[in-house]
Amino acid sequence: MKTVTVKDLVIGTGAPKIIVSLMAKDIASVKSEALAYREADFDILEWRVDHYADLSNVESVIAAAKILRETMPEKPLLFTFRSAKEGGEQAISTEAYIALNRAAIDSGLVDMIDLELFTGDDQVKETVAYAHAHDVKVVMSNHDFHKTPEAEEIIARLRKMQSFDADIPKIALMPQSTSDVLTLLAATLEMQEQYADRPIITMSMAKTGVISRLAGEVFGSAATFGAVKKASAPGQISVNDLRTVLTILHQA
């Protein structure tokens, strides 16, 4: 399986990498949050742009991205607009969503974009090609905050992302029971052992699914999300606790 290298970070080997999400509503908050995050122990900075109020002003969005890049130049920057239908803060049209991601790519400030699988097949394929032409990696994602589908469906979605040339397929699902967590872990393992030719990221959310955020190295998930301050999804734990557990499991 090939790895993915962003800056000096190699994703897909060793302990799972820690991603943290920064959720700021304006330029002032971006500045203050960035300074606070700079001291934290993590590997990838995700900017959750759906929390940003001034989305219609592309210049403001790019100015905020520039602050993040300058404050943490060594950290890979993942640009993510999470749609309302997949648990995000704002609803925008598909056209606006694609345009926003293209503007981020054009800026030269971001290393990776998050692209939702169910945006539309043609738009997804075109945006992946556009990102790759500008040396930007694509995390292709799917989120369900209500349920966990069968393992076969989880694997089918991850394989579809892979067929669309995502650099890193990602899926996050809500368990309704402990057995749902096992379904997610079993699907992750089967994907990793039988189909994946690149790193994948999977997680089961909420308190029930916490084990999935810790056991990625065992089952085949290459990264996990931790919280510096406010969690961006149910079940996230602090980056310090997360690093401790990931290191223990890696060294065992």
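The backbone N, Cα and C atoms fix where each Cβ goes, and this holds for glycine too.
What Swiss-Prot lists as active site, proton donor/acceptor is His143. Among the features that Swiss-Prot reports, active site, schiff-base intermediate with substrate is placed at Lys170, with the record citing sequence analysis. Annotated 3-dehydroquinate binding site per Swiss-Prot: Ser21, Glu46, Trp47, Arg48, Arg82, Arg213, Ser232, Gln236, in sequence order.
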Please give me the recorded positions out of Arg48, His143, Gln236 that lie within 10 Å of Lys170 (active site, schiff-base intermediate with substrate), comparing Cα atoms only.
His143
Please report the Cα separation of Arg48 (3-dehydroquinate binding site) and His143 (active site, proton donor/acceptor) in Å, rounded to an integer.
14
Euclidean distance between Cα atoms of His143 (active site, proton donor/acceptor) and Arg82 (3-dehydroquinate binding site), Å:
9
Determine, to the nearest whole angstrom, how far the Cα atom of Glu46 (3-dehydroquinate binding site) is from the Cα atom of His143 (active site, proton donor/acceptor).
16
Tell me the Cα distance separating the residue listed as 'active site, proton donor/acceptor' from Gln236 (3-dehydroquinate binding site), rounded to the nearest angstrom.
15
Fewest other C-beta atoms within 10 angstroms of its own C-beta: which of the recorded positions Arg48, Arg82, His143, Lys170, Arg213 fits that?
Arg48
What is the separation, in Å, between the Cα atoms of Ser21 (3-dehydroquinate binding site) and His143 (active site, proton donor/acceptor)?
15
Just the number: how many Å between the Cα atoms of His143 (active site, proton donor/acceptor) and Arg213 (3-dehydroquinate binding site)?
15
